[in-house]
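Here is what TrEMBL says about this protein:
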- 51-299: domain 'Nucleoside phosphorylase' (DOMAIN)
- Arg91, Arg135, Ile136, Gly137, Thr138: phosphate binding site (BINDING)
- Gln214, Arg216: substrate binding site (BINDING)
Amino acid sequence: KNVSTKGRNEKNKTPVCVRNPHLDALKDDVLYHFGLGTGTHNLPAMFGDVKFVCVGGSPQRMKSFIEYIAAELKMEDPTSEYPNICEGTDRYDMYKVGPVLSVSHGMGVPSIAIMLHELIKLLHYARCTDVTIIRIGTSGGIGLEPGTVVVTKQAMDATFKPKFEQVILGKTVVRNTDLDQSLAEELLHCSKELKQFDTVIGNTMCTMDFYEGQARLDGAFCFYNEKDKQDYLRKVSEAGICNIEMEASVFAAMCKLSGVRAAVVCVTLLDRLKGDQLSSSHDVLHSYQQRPQMLVSCYIKKRLSEARLTSV
């Protein structure tokens, strides 16, 4: 059956759920934007051992992440590059090493939503269990020093409500955006062990736009002033929001529907209370972007070490 909504199977492992009875009627399911499919690829053989999925906007960043985590897990292959599993399409990139899958999702809610539909189906068809999905990325901070890492508590919309709204069949559907709080705490604990950068748990505002939707003054169009902007950002801060990005709400909603543990880990590149444009050097920004990778890598290594001890 392609429909599974139960929490745990008979082996006490949590499956990746899909909630679509129509999938049972498909002879083959083409994961078009991945260039993969149930009729053309042996998905259980390719992906059945996946336990950790890391997603991020930039294809290059997700390739660098798989190279980084491979070295950290001592699974690197110095003689060859990691192949892009989605080389048959130019929409997304996907890389794998051991139990870790790294996937790009582009920018914004529509792009990551399309990717997540196909990723969740892929993990389901591959019969993966006990999967954790983490978005790693960049964001604009609210009252935080640039370089601070934010682990999202709740994903909020631009009116400061913890919800994701989508129009389906002409009707507005509202979905929950809660994330796994125990996972957030585990990630925070890993940061304390690393002792290399500040990490906080806080709410994340997800917007539909980079410019006007985030109260910037430097877009092609702007019909408000600095005071309007500051008044709005002050309300953002009062709502307990620590950072702003463009994917967290739909990511949280879809991961919750599929029954997987999920987290959003984003570094802040600037304090939006102090400006709109990035003034840090390329090298500094690159070092900031490494921080979510370092934190998530620490978490994955810790989990795998615990799993090995349990299996002994």
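Just so you know, glycine gets a Cβ as well, placed from its N, Cα and C.
The shown structure was predicted, so the numbers you read here are calculated from the model rather than taken from an experiment.
Within 10 Å of the C-beta of Arg91 (phosphate binding site) we count 18 further C-beta atoms, all protein chains included.
If you average pLDDT over the domain 'Nucleoside phosphorylase' (51-299) in this model, you get 96. A distance of 24 Å separates the Cα atom of Arg135 (phosphate binding site) from that of Arg216 (substrate binding site). Straight-line distance linking the Cα atoms of Arg91 (phosphate binding site) and Gln214 (substrate binding site), rounded to a whole number, equals 26 Å. It is Arg135 that, of the binding-site residues Arg135, Arg216, has its Cβ surrounded by the most other Cβ atoms within 10 Å. Within its own chain, Thr138 (phosphate binding site) has Gly57, Glu245, Cys266, Val267, Thr268, Leu269, Tyr288, Gln289 as residues 6 or more apart in sequence whose C-beta sits under 8 angstroms from its own. Gln214 (substrate binding site) and Gly137 (phosphate binding site) have their C-alpha atoms 17 Å apart, to the nearest angstrom. Each residue contributes its Cα atom, and for Arg216 (substrate binding site) and Ile136 (phosphate binding site) those atoms are 23 Å apart.
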